[in-house]
Structures are given as C-alpha cells and as structure tokens.
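> Have a look at this one before I ask anything.
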C-alpha cells in the first residue's frame, strides 16, 4: 500500500480485497498464469487449507521429530530452538512477552480489518486522510454513518 501511494504500480488487488479475487469471473490465477493452479472454488481452497494444515499439525502433535520433548498444547514451547537463552527465568519472561506481542499484533490487524471494512481504504491511506483532516476522518465521524435513522 505504501509503495502504491508513492507511485509504484502493482497489478494485484488491495490487500484487504485480495480474497475477493476468487469470486471474479476469471477466478484466482497464481502468479498471473492461468496454466498453473486455477482456483475458482472457495470450498476447494478451504478444503486444501484444512487438509494441509491438518497434516502439519497432526505431525507436530503426533510426535514428529520437530516436536519431540515439547508440550503439544502449550503455545510458544519451541520458543528458543537454537538454545540461545541461558537463564531459565529470562527465557520464561521472554516467552510471556512474545505471546503478549503476538496478541497485540492480532488486535492491531483486527483494527486494520475494521478500518478497511468501514472506509474501504488501507491503514496507510487512512492515516494520510486523518492527518490531512483529523476532524472529518476519525472513528467518531465514521460512527455517525451507522446511526439508525440517518
């Protein structure tokens, strides 16, 4: 989005509209080549995603070599795969920080998604609009569009 704002031309859809390409007339062509995987069914893509991720997760939980000695239900248990943490207390603190940062990132992405749904623009363009006219481009101004009877 930032590159497009500065004049670089991309043929791809805006990031928050990318999933809608599968519903277009031509479907979704990977790498712009219709001879590669030509996806036209959202159910087929969903099924492939479930099967592929299910196989990987099943391998991990079932005791694959990459998951040996780890608790299969604890997130972040493979936090230090290279063994760089010397102090167990510091490692435990860093694990908590990593999980909290991941939660913050997910919450931020949720904000970007809501912003894109409400305004139809990405976060960079919304930031530029807000900086240009803060009174007209903020959450309260857009919230008035959803007031019943307006």
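Yeah, the Cβs are placed from backbone N, Cα and C, and that goes for glycine too.
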> From the ranges 104-124, 125-145, grab the one Swiss-Prot calls transmembrane segment.
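Comparing 104-124, 125-145 with Swiss-Prot, transmembrane segment matches 104-124.
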> Taking each of 103, 115, 146 in turn, which of these binding-site residues have a Cα lying within 10 angstroms of the Cα of residue 139 (chlorophyll a 6 binding site)?
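Matched binding-site residues: 115, sequence order.
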> Have a look at the binding-site residues 41, 57, 115 and say which one has the shortest Cα distance to residue 101 (chlorophyll a 4 binding site).
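Considering only the listed binding-site residues, the nearest one is 115.
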> Determine, to the nearest whole angstrom, how far the Cα atom of residue 57 (chlorophyll b 3 binding site) is from the Cα atom of residue 130 (chlorophyll a 6 binding site).
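Spelling it out, the Cα of residue 57 (chlorophyll b 3 binding site) and the Cα of residue 130 (chlorophyll a 6 binding site) are 42 Å apart.
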> Return the member of 41, 49, 98, 103, 130 nearest to residue 115 (chlorophyll a 5 binding site) in space, with distance defined Cα to Cα and candidates limited to these binding-site residues.
130
> Do me a favour and check the Cα-Cα span between residue 98 (chlorophyll a 3 binding site) and residue 130 (chlorophyll a 6 binding site); whole Å is fine.
31
